């Protein structure tokens, strides 16, 4: 397009527009170039260019399609051309000789009736697909789609531009076909994988465990001979009773059970008689009785000879010990099982990192693959066992708190908190972000991280909407500091609770007060280094949205309306009609957005100069909508949080966190007098709950495949290789980083439970003689801070991402990884240095 006067200089008097056309079989060449002129004096279409009339009418199948509307005040002096998926007339002129274009032609006749009408091509926003994000639409509007008066080029350059547009159209066509092929391959591959896992899982039956009751004493032992299977590589022996994972250091003075597994080795060519190989397994008894504990151990099957199991007891106070024993053969070695588990875990992370499927579906696929692997090796669990693997306490906590937050949000309290936070920060964005992160870290030290994320995420989202900030960046920073603050106390994070609850560690002096004092000092140093690092990582990132708040809110409103329409299943005629009305609403909002995108151009500074004026406007707009309901919500939520504290310090309260959250949700549902319960259920993040359920099954299946046990054993071997004078420092470094990396990849709860007996055995080994408390502090720091490494490394990360996605601000795995992983590395480095100074230099053991 170019604007020229009769003297050849660019002007607004004559407007020439060229439309690139695709080739057609009946025409020669790749396309035709048509010029339409608009006289600025009388606004009548006229022939522009001497060769315009000789080129004939335009061909069908334009490479770039446009919809033509009159120019008015909403659009300004812009001319926009954009591809769409609808046919349109290629040429409009009152003097056109083409019989295909008349006054009755759609989109043309109504505009040509009035003499003073001027027409421009405008992109039709209703043809935006669901896969095309609105974040990129404004850049395309303002950049590649505007035809301005600065493009004064010759006819030769116009032909070059036409060829480039045709090449671009071909490239887009090929990319579209490639995307279709990739989509087809993805669906086909995943379907074949699921079918294969289902077949493998169904081919091998559930063997079940036959538990045999036996009684052992110092005078009587129990012996049994087992016939070996041809395809067996391992023998797994399970014992159940009043057992403990590890015993005190004085092994000879404590009651224990000794298990001997003996088998004849396969005879070699030079041996006439097979050699007997005996494996010993010592299990310590709980002197107080305690609860029923199941312990397992695998032994290598050396040959097809029968296996002999002998169990005897070393007792002092009791006369006889009742036990339950079961055994089963496995068809894969430890190394093969660990390899299978690592491949499954890597596959799950590939699905999540590259967003091939939703993270919930990725966890479900990983669980199915792990269950199929267990079935193949001969350890297929029953449905009852799989359900028992799910941590229902965590799910109950999530569900109850989601109900509380859903009702709480109806009061307008989150909007009020957002305005107050803006007022306290006096319009300074970074002061507000640091204040939010610090409050989240302090609260998570005394509350569960999941509870803190559930309470803070809606407030942060509303605050960012008020200030025209990108909520994703603020939410990621906030949840990172939530995980850091949770490591400060013994009740802030589940790994800390597991460590403090261990009876053997309590006997060593690792109680609640000592653990909290030691960890709190280390986390303070971590916070001092984390805040400057956060500012450094966000140095070149614009936290403000690139567009005005009106445009951002309108785009978000379109996204929410579209999601609402997609979630309505057309099961009845009324629901189909409602879905149609919602889609019409989406189209009307997209048209409104298209008009507003051409009338706004604003640069936003990093500090709001008019924050006092904005505060007055925001206080009028965002108020408490229901004070009665707010009073009820604050009362119930305060009581729930008080019970959380009471549960940690008062042993007489026989309610765990899940029960407290569920009871609080029931109380608030009664007080709020909720009639339409389905509205509240729609606010629950069911995808997040399913993700946690699938993740619990996946982690437990990987534990049955000996992945976590293998990591612990390799960690112990690595520590033993270090010289004795440097062993404590090496042990702290190894435990911190192994725990951090493992916790960023797998759930930190089973990893912590597995590493505690491994580290206790290291501390009791006379060849190593390491103090246990420094190892436990290193384990706690690594397990808690390692959750910041990936999106699924901590429960709070997943909860925050789920709530943000429900509000239309979901962030991907890589978006979290770009900030979370550097923060994890630096925080673990600072925590490691603190432990080295405290325990190696100062000797605080």
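Backbone N, Cα and C define each Cβ position, glycine as well.
Fair warning: this is a prediction, and the values are worked out from it, not measured in the lab.
Checking the ranges 283-303, 304-324, 430-450, 451-471 against Swiss-Prot, the transmembrane segment annotation falls on 430-450. Topology check against Swiss-Prot: residue 391 and residue 845 carry distinct topological domain names and occupy opposite sides of the membrane. Swiss-Prot assigns the feature transmembrane segment to residues 630-650, out of the candidate ranges 630-650, 798-818.
Looking up the ranges 262-282, 472-492, 493-513, 514-534 in Swiss-Prot, the one annotated as transmembrane segment turns out to be 514-534.
Looking at 142-162, 163-183, 184-204, 205-225, the range tied to transmembrane segment in Swiss-Prot is 184-204.
Residues 345, 349, 391, 493-495, 498, 695-696, 699-700, 702-703, 707-708, 711, 715, 718-719, 722, 759, 762, 770, 774-775, 778-779, 781-790, 793-794, 821, 824, 828, 831-832, 835-836, 839-840 of the same chain, all 6+ positions outside the transmembrane segment (731-751), place their C-beta atoms under 8 angstroms from a C-beta of that stretch. Remote same-chain residues near the transmembrane segment (514-534) are listed as 434, 437-438, 441, 445, 477, 480-481, 484-485, 487-490, 496, 499-500, 773, 777, 780-781, 785, 822-823, 826-827, 830-831, 834-835, 838, 844 (criterion: CB distance under 8 Å, separation of at least six residues from the stretch ends). Looking at which of 430-450, 688-708, 821-841 has the most CB pairs under 8 Å to the transmembrane segment (338-358), the answer is the stretch 688-708.
Using a Cβ-Cβ cut-off under 8 Å and counting only residues 6 or more beyond its ends in the same chain, the topological domain 'Cytoplasmic' (795-820) has close neighbours at 352-353, 355, 359, 394, 398, 444, 449-450, 452-454, 457-458, 461, 471-473, 475-480, 482-483, 486, 537, 556, 559-560, 563, 683, 685, 687-688, 691-692, 787-789.
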